[in-house]
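**Student:** Feature annotation from Swiss-Prot assigns active site, proton donor to His322; the stated evidence is sequence analysis. Residues or ranges marked as Ni(2+) 1 binding site by Swiss-Prot on the basis of sequence analysis: His136, His138, Lys219, Asp362. Under the heading Ni(2+) 2 binding site, Swiss-Prot lists Lys219, His248, His274, citing sequence analysis as support. Annotation source Swiss-Prot lists substrate binding site at His221. Swiss-Prot lists 131-569 with the feature domain 'Urease'. Annotation comment: Swiss-Prot describes Lys219 as N6-carboxylysine, evidence class sequence analysis.
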Amino acid sequence: MPTKIPRTNYAAMFGPTTGDKVRLADTDLIIEVERDHTIYGEEVKFGGGKVIRDGMGQSQVTRAQGAMDTVITNALIVDHTGIYKADVGLRDGRIARIGKAGNPDTQPGVDIIIGPSTEAIAGEGKILTAGGFDSHIHFIAPQQIDDALHSGVTTMLGGGTGPAHGTLATTCTPGSWHIGRMLQALDAFPMNFGISGKGNASQPAALVEMIEGGACAMKLHEDWGTTPGAIDCCLSVADDMDVQVMIHTDTLNESGFVENTVAAIKGRTIHAFHTEGAGGGHAPDIIKICGDANVLPSSTNPTRPFTVNTLEEHLDMLMVCHHLDKSIPEDVAFAESRIRRETIAAEDILHDMGAFSIIASDSQAMGRVGEVIIRTWQTADKMKKQRGALTEETGDNDNMRVRRYIAKYTINPAIAHGIAHEIGSIEVGKRADLCLWNPAFFGVKPEMVLMAGTIVCAQMGDTNASIPTPQPVYSRPMFGAFGRSVERSAVLFVSGAAKSANIGETLGLRKELIAVKGTRGIGKKDLILNDALPHIEVNPETYEVRADGELLTCQPAEVLPMAQRYFLF
């Protein structure tokens, strides 16, 4: 017999449904549920007296007959594909189905079969997102991995060998020997990884050697000499071997200006790191290249968003990261040339327009590895407060803005680096690298993180208590982060050439190797919800930035959400 219940009661039991609105953390960002794939009156929920019981919501279907390994019930999915409610079925470490879960023998419309072999994760009242992808990592310290994972990042790509001075400044792992040692080390952590080799060379042989040795991308960094010759050589090798090239251009304009770099690139695909310039690049106008169709522009998180503290902290940060000396006037001038309030303010707006497409960390080298997700949403909130609703919004909500910003650390870096067939969104067939969030803690502290469908960390209380919720509750590693589960739950991304050469066997790696693909010939048009191509001009004297003739400026934030109130203990 059908019955009606108040929306508040329904949301308390089964989570919000179509038309309901949810605030993200303590921001001004409000999302609205666009659609609901569950069926009213046939929702599944686990617990005493609830639906997922033998003969009710749980069928007799075996795993061999198609029952799921795990079902996440009534989750509010926040993804570039939309903001909607659904059950999510996981099988063999991948997203098998998105829709309606239950027992097809007793319920209508079931496309996710729950059987005796199915585990249940309660998604009602929770937000489900794809795991984050940080594509700008300096592998300085292995402890970064914990900070990233517990913030909701499940894939890290970058370079380095530890706290060597080359790594403190540049995201490059130089040479196949170092690449091999790093892949062997990263085999042990519950995280997906990719290694970027050093791309600074004017002849191709050494670059080919690194790509065949396991690098899945190449990095051009000014501290190693990002000359027009090195740029051209690296891109030529990348085009031949299908890996991405990331670039940190010449701040001092020694080997040329931004126009010379653009000429050396010759319209080829390139991922431009910290395209605003505070993290490094042609001063003062590297930001112009975010309007080029072949450039995939990203930010690093210290300038996200522009606040009253941004400029002051950057000078000391830069001196340390690039091995500079405050007693040398030229070093101080170098540092000061990179830090410009006008371009940092413009960067906020260019992100909101969708002209900057990716956000990453620059871990321990002018970036905070555990704050990619927080700072993305702080930027979105600041822009909502300062610019109001986006013109693209179709309702009284921030769905379009939220979809645009989540794409910046999920699908877009995955597209840029040739791994979007594996990660970056909640879509059938992709790896079940997922984050479950309490809406009040969205973007700050994930409730649970899964790698290939296995829980690797979660909020957990006192483990000597009689129940799992007593204080202190904090994020702790779970079973998926231990033993041989690690090698089954995470992968290493390598070049196609390295996989064909069986480097996994040569190096004794136990994680699966996945070849990157489709990194060349793509452009800004391929970056989802972040494909704007404004014509950018920078005044060389005042550093004012204009997009299609319009001055881009905004005030620095004095207070941010998702900050101190979440980190009192």
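Going from the start of the chain as shown, residues are counted 1 onward.
Note: Cβ is positioned from N, Cα and C throughout, glycine not excepted.
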**Student:** Using the Cβ center of Lys219, His248, His274 as the Ni(2+) 2 site position, which other residues in that chain lie within 8 Å, going by their Cβ?
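**Tutor:** Here the nearby residues are His136, Thr170, Thr171, Leu220, His221, Glu222, Met246, Ile247, Thr249, Ala272, Phe273, Gly279, Gly280, Gly281.
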**Student:** Determine, to the nearest whole angstrom, how far the Cα atom of His274 (Ni(2+) 2 binding site) is from the Cα atom of Lys219 (Ni(2+) 1 binding site).
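**Tutor:** A Cα-Cα distance of 13 Å.
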**Student:** Sorted by position, what residues of the same chain at least six away from the residue listed as 'substrate binding site' have a C-beta under 8 A from it?
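**Tutor:** Correct list: Ala169, Thr170, Thr171, Cys172, Lys198, Gly199, Asn200, His248, Gly280.
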**Student:** Hey, how far is His322 (active site, proton donor) from His138 (Ni(2+) 1 binding site), Cα to Cα, in Å?
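**Tutor:** Pair distance, Cα basis, whole Å: 13 Å.
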**Student:** Other than His136, His138, Lys219, Asp362, which residues of the same chain sit close to Ni(2+) 1? List them in sequence order, counting a residue when its Cβ is within 8 Å of the Cβ centroid of the site.
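**Tutor:** Those within range, site residues removed, are Ile137, Gly158, Gly159, Thr170, Thr171, Met246, His248, Phe273, Thr300, Ala360, Ser361, Ser363, Ala365, Gly367.
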**Student:** Which residues does His136 (Ni(2+) 1 binding site) neighbour through Cβ under 8 Å, counting only same-chain ones at least six apart?
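**Tutor:** Leu157, Gly158, Thr171, Met246, Phe273, His274, Ser298, Thr300, Ala360, Ser361, Asp362, Ser363, Gly367 - these are the non-local Cβ neighbours of His136 (Ni(2+) 1 binding site), listed in sequence order.
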**Student:** Looking only at DSSP and grouping its letters into three states, which state does Asp362 (Ni(2+) 1 binding site) belong to?
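**Tutor:** The residue in question, Asp362 (Ni(2+) 1 binding site), is coil (DSSP, three-state).
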**Student:** Which chain-mates of Lys219 (Ni(2+) 1 binding site) that are at least 6 residues away have a CB under 8 A from its CB, listed by sequence?
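**Tutor:** Gly158, Gly159, Thr170, Thr171, Cys172, Ser196, Gly197, Lys198, Gly199, Val245, Met246, Ile247, His248 - these are the non-local Cβ neighbours of Lys219 (Ni(2+) 1 binding site), listed in sequence order.
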**Student:** Compute the average pLDDT of the predicted model within the domain 'Urease' (131-569).
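**Tutor:** Average per-residue pLDDT within the domain 'Urease' (131-569): 96.
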**Student:** Restricting to the same chain and to sequence separations of six or more, state which residues have a Cβ under 8 Å from that of His138 (Ni(2+) 1 binding site).
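**Tutor:** Expected: Gly158, Gly159, Gly160, Thr167, Leu168, Thr170, Thr171, Asp362, Ser363, Gln364, Ala365, Gly367.
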**Student:** Indicate whether His274 (Ni(2+) 2 binding site) is helix, strand or coil by DSSP.
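**Tutor:** Reduced to three states, the DSSP call for His274 (Ni(2+) 2 binding site) is coil.
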